[in-house]
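A.B. asks: One structure, pasted below without further comment.
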Amino acid sequence: MSPQTETKAGVGFKAGVKEYKLTYYTPDYEPHDHDILAAFRVTPQPGGPPEEAGAAVAAESSTGTWTPVWTDGLTWFDRYKGRSYHIDAVPGGENPFIAYVAYPLDLFEEGSVANMFSSIVGNVFGFKALRALRLEDLRIPPAYTKTFQGPPHGIQVERDKLNKYGRPLLGCTIKPKLGLSAKNYGRAVYECLRGGLDFTKDDENVNSQPFMRWRDRFLFCAEALFKAQSETVEIKGHYSNATAGTCEEMIKRAVFADELGVPIVMHDYLTGGFTANTSLAHYCRDNGLLLHIHRAMHAVIDRQKNHGIHFRVLAKALRLSGGDHIHSGTVVGKLEGERDITLGFVDLLRDDFVEKDRSRGIYFTQPWVSLPGVIPVASGGIHVWHMPALTEIFGDDSVLQFGGGTLGTPWGNAPGAVANRVALEACVQARNEGRDLAREGNEIIRQAAKWSPELAAACEVWKEIEFEYEAVDTL
């Protein structure tokens, strides 16, 4: 043994492998107000003790590696390490458990979702000692929240810009999502906005393809928007998708939209990436553009119950990164979404302060301090018969978005938009009169259809359409 090795060994270094729990499992630790807290659903390999598995997660997502290293002695280890401080059993689960981990705030770069996720959901998710790992929730402390701009504008500013109050907003995704020319696409936008919708939308995979380049689409959609505005005397918007192959190209598209004078642009925040999304959110605030966020790719990450990242975490990350709208599921439509869980992360998007509530999947009390709220967007397989339930579930601060439920009506696009607007106005009026939308919803729609032939036609088409499948992701 060399003299240097003997000296280092004498002050505590010992090469080899030791159990993570000896360093990273600290059940007596009281989390600090400034710590970032994480709740992980951990499925260890057979025979693996929960304390060791939870400590391994804390180690591999903070300062640890598989063996002690010399340079551990050159840092203030207790200050920077993550700590597995509590373990909960999962009700009804044979093997998984919830491990709570506290991370010191100094581990994270200010204002960077990318850096936060590189640590907390980095290599640890491929760790062989774990069969599966899922990040269920994060507590973002105010000290870290205040380093982010957050949404470009927020709910109240959007309502003021649009001059629309007291009801949910209505939208429509233009279909077919791929294949239309820019001029025909703009025609569909005009017909939907003229029929009474507040917004139309590019689908998530509409970027700049050979059949419709982005600049042509932006121009025809802006023309349609302004024509519909002049005829309805209502402020309208179209979510022009600025998502691109590079950040520079994305910003160029947003600049062009701003020069056209349109009120809103769109971004696919998961496929585009958090760094690009935050850059676009900053541009939108500086230039008065609203920012609609699509969550394309989310189900790859969040749908499996035991592995991945729950959408409530992705929703919190979006509120930090920036967006004025985000798709949130519908509860009643064609896409995955259990009611209590969905309402839990809808509150996390909109409210200033959300209390811990395990019945809705909220593991931590979350204060948002001054960060603006985000409007949830209900979209996917919904139609006029769903309007009472959607109005009751999501309330006024929401966007209810009907693609096929507008463009698939028998009389055409504009009558489809009329049907949705009439159904919404009827539900809002009934709610304001004290009627129970959950119990009387179908009757409310039938009564409104008596004086709206457009709604009557839509009701006839969709009367037997339901998506009755159990949610995969449950509490």
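Going from the start of the chain as shown, residues are counted 1 onward.
Even glycines carry a Cβ here, placed using N, Cα and C.
Just lifted these from Swiss-Prot, have a look:
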- P3: N-acetylproline (MOD_RES)
- K14: N6,N6,N6-trimethyllysine (MOD_RES)
- N123, T173, K177, R295, H327, S379: substrate binding site (BINDING)
- K175: active site, proton acceptor (ACT_SITE)
- K201: N6-carboxylysine (MOD_RES)
- H294: active site, proton acceptor (ACT_SITE)
- K334: site 'Transition state stabilizer' (SITE)
A.B. asks: Out of K177, K201, H294, R295, which of the recorded positions is least crowded by other Cβ atoms within 10 Å?
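C.D. replies: Checked K177, K201, H294, R295; of these recorded positions, fewest Cβ neighbours within 10 Å: K177.
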A.B. asks: On the Cα atoms of N123, T173, K177, R295, H327, S379, which are listed as binding substrate, what is the maximum pairwise distance in Å?
C.D. replies: 37
A.B. asks: Between R295 (substrate binding site) and the residue listed as 'N6-carboxylysine', what is the CA-CA distance rounded to a whole number of Å?
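C.D. replies: Here the two Cα atoms are 14 Å apart.
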A.B. asks: Give the helix, strand or coil assignment DSSP yields for K177 (substrate binding site).
C.D. replies: coil
A.B. asks: Which one, from the recorded positions K175, H327, has the smallest tally of other C-beta atoms lying within 10 Å of its C-beta?
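C.D. replies: Looking at the recorded positions K175, H327, the Cβ with the fewest others within 10 Å is that of K175.
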A.B. asks: Among the binding-site residues N123, T173, S379, which residue has the fewest other Cβ atoms within 10 Å of its own Cβ?
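C.D. replies: Taking N123, T173, S379 as the binding-site residues, the minimal 10 Å Cβ count falls on N123.
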A.B. asks: How many Å separate the Cα atoms of K177 (substrate binding site) and H294 (active site, proton acceptor)?
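C.D. replies: Per the Cα atoms, K177 (substrate binding site) and H294 (active site, proton acceptor) stand 14 Å apart.
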A.B. asks: List the Cα distance (Å, whole number) between K201 (N6-carboxylysine) and T173 (substrate binding site).
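C.D. replies: Roughly 5 Å, rounded to the nearest whole number.
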A.B. asks: May I ask you to report the DSSP-based helix, strand or coil state of R295 (substrate binding site)?
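C.D. replies: SS state of R295 (substrate binding site) = coil.
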A.B. asks: Check the Cα-Cα distances from K175 (active site, proton acceptor) to the recorded positions H294, H327, S379 and tell me which is shortest.
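C.D. replies: Closest recorded candidate to K175 (active site, proton acceptor) by Cα: S379.
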A.B. asks: I'm trying to understand the geometry here, so how far is the Cα atom of H294 (active site, proton acceptor) from the Cα atom of N123 (substrate binding site), in Å to the nearest whole number?
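C.D. replies: Rounded to a whole number, the Cα-Cα distance is 26 Å.
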